[in-house]
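According to Swiss-Prot:
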CROSSLNK  Lys5  ubiquitin cross-link
CROSSLNK  Lys26  ubiquitin cross-link
CROSSLNK  Lys30  ubiquitin cross-link
CROSSLNK  Lys39  ubiquitin cross-link
CROSSLNK  Lys47  ubiquitin cross-link
CROSSLNK  Lys57  ubiquitin cross-link
INTRAMEM  105-125  intramembrane segment
MOD_RES   Ser2  N-acetylserine
REGION    2-94  region 'Required for homooligomerization'
REGION    149-160  region 'Interacts with SPRY1, SPRY2, and SPRY4'
Amino acid sequence: MSGGKYVDSEGHLYTVPIREQGNIYKPNNKAMADELSEKQVYDAHTKEIDLVNRDPKHLNDDVVKIDFEDVIAEPEGTHSFDGIWKASFTTFTVTKYWFYRLLSALFGIPMALIWGIYFAILSFLHIWAVVPCIKSFLIEIQCISRVYSIYIHTVCDPLFEAIGKIFSNVRIGLQKEI
């Protein structure tokens, strides 16, 4: 029981402690234990990849989705023989398919290695150089901002307040002449 109320044999009203066990980090019932065990740690290095949908975030939808109809088209009145058109379609499709596979077999792993190194360097520089430089700059600029704030409050504020008071009594009257 959590947070309930009960009456003892003498008629005194008591509340049940919210947690009867001492350790707040361990679940006190089976439902909580099951809930915690369902949460799995996500590890990017051991996740399974989808071999069917290889572009789940649709990065290349508008770039490399090139089919035969996107490249070669014959307008009305200018048609080649049907056999030539079918052979051209098959040649284009099969060539594109197998040449892509050949290129990815030859250069896929080296390019993955190069891009992996590049993004590792980029992540390293961002974590260990860029962010600390920005934080350092923000800390150092605070000193300058205080001096600038003092300058504004001691010089510019009174000056512009005086100029404002000078021009506050200026009145412009417009008359329409007929």
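Note: Cβ is positioned from N, Cα and C throughout, glycine not excepted.
These figures come from a predicted structure and were not determined experimentally.
Taking the Cβ of Lys47 (ubiquitin cross-link) as centre and 10 Å as the limit, one finds 8 other Cβ atoms among all the protein chains shown.
Lys47 (ubiquitin cross-link) sits 16 Å from Lys57 (ubiquitin cross-link), taking the CA atoms of both as reference points. Across the region 'Required for homooligomerization' (2-94), mean pLDDT in this model comes to 72. Residue counts for the region 'Interacts with SPRY1, SPRY2, and SPRY4' (149-160) under DSSP, helix first, then strand, then coil, are 12 helix, 0 strand, 0 coil.
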